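Taken verbatim from TrEMBL:
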BINDING   His279, Arg319, Tyr389  substrate binding site
COMPBIAS  1-11  compositional bias 'Basic and acidic residues'
COMPBIAS  79-88  compositional bias 'Acidic residues'
DOMAIN    271-391  domain 'Transthyretin/hydroxyisourate hydrolase'
REGION    1-32  region 'Disordered'
REGION    64-100  region 'Disordered'
Amino acid sequence: MARLTEVHDGSDSDDAASTSRQTRPGLTQDEQEQILHKFGLIEKLGLPKDFVTMEEAQAQLDALNRAKSKGGSRRAPEADDDDSDDDYGVASDHELDGDDTANRLMQEQEATEMSPRVESILDLVIWTMPFGFMYTLLDVLVRQQYGETVGFTDEVARLARALPVLAFFIHYNLTSQRQALIQGMLFVLCSACGCSLIHIVNKSSYDVVVQRVAPLGTLWIFSVVRLDLLPACISLALTAMFVKQTELKIMFDYAFDKKVVERSLRQAAIMSKSPITCHVLDSTLGKPASNVRVQLEALSPLNSQFHILATGSTNADGRCPDLLAGHTSQDVLAPKGIFKMTFFTGEYFDKAGRNTFYPQVEILFQLSDSPDPHYHIPLLLSPFSYTTYRGS
């Protein structure tokens, strides 16, 4: 049974009682209680409906004190316990209500909680999506820098090849229990990727830049994000020291970038063009001879025998432009070297259903003391004759 003394201790009840006494100083205790019940102040303040008056509460306290003094010190703790738990009852009711609320909230949380497997899959998807986008963005930017046309299907194919490796790396990083090892691995990876990326952008050729910037940049950003603050700052400081010691650049002006792009494009064009090319024309038909098999050989000075350098076939224009693609004249053409180009003309005429007097045409040619960057060998072909010369 709650006492009015407890209500009197509260600030809200005290204010309400003082306000009531100030407005009606002549009211008795019973009249004050009736007013409180009538206006619903008890329910608004959250007070128990069966509290007693102050006179009754004081009488109960006096009786309890007398019982304590008569009962002796042995029964005093029990009286205190009974008084606090049974007589008052307020604390016990609140504790029970709190326990019920906590149990109900726990049950609701368990009912709406996802399974650990589903949660790990969602975490993997959430982490993989932004870094997959980062990989695609870096790849598009570096190709646009060199003026390369970027196709949607090509980018999707490149992302599909890189995404499984990236997802596995992210999954291992998120689920591993050995976080100290993970932090050490990320620190090494962050430092290595940062230094390598800046060095490649400054020193490497077009092919290397296009192939490596996107994966290195993605791993670098991921490792910085996943590292703790102090290791991440130390790793970035090491990268900055590397850039300063090697005198590399991380900022480029427009003129420098334009020269680099033009030089890289010229180098790519030279490397994609063979230093030795040919062109076959069917003089009887008056059109290029396509699908003619071509073989290029070089004479070895050691054993005076020819060894094969490259093979290919003419395209619809009668040309074989990629016979030695990826090489320059300095790579394969020795000064005063002797070479042989063989055209398998018999196969060409057999496919066309025509007879020929020359089943194959072999052309020997020798280079000068200082080989030119490009040699072109045209062939005017008919079933019973052929003509060749050095082209331009």
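The backbone N, Cα and C atoms fix where each Cβ goes, glycine too.
Annotation for Arg319 (substrate binding site): spatial neighbours Thr277, Cys278, His279, Val280, Pro288, criterion Cβ-Cβ under 8 Å with sequence separation of six or more.
Spatially close to Tyr389 (substrate binding site) yet at least six residues away along the chain are Pro378, judged by Cβ distances under 8 angstroms. Other than the site residues His279, Arg319, Tyr389, same-chain residues with C-beta atoms no more than 8 angstroms from the centre of those residues' C-beta atoms, the substrate site, are Thr277, Cys278, Val280, Leu281, Gly318, His376, Ile377, Pro378, Leu379, Gly391.
The DSSP breakdown of the domain 'Transthyretin/hydroxyisourate hydrolase' (271-391), given as helix, strand and coil counts, is 14 helix, 50 strand, 57 coil. In this record, substrate is bound by His279, Arg319, Tyr389; the longest C-alpha to C-alpha distance in that set is 15 Å. Taking all protein chains in view, 18 other C-beta atoms sit within 10 angstroms of the C-beta of His279 (substrate binding site).
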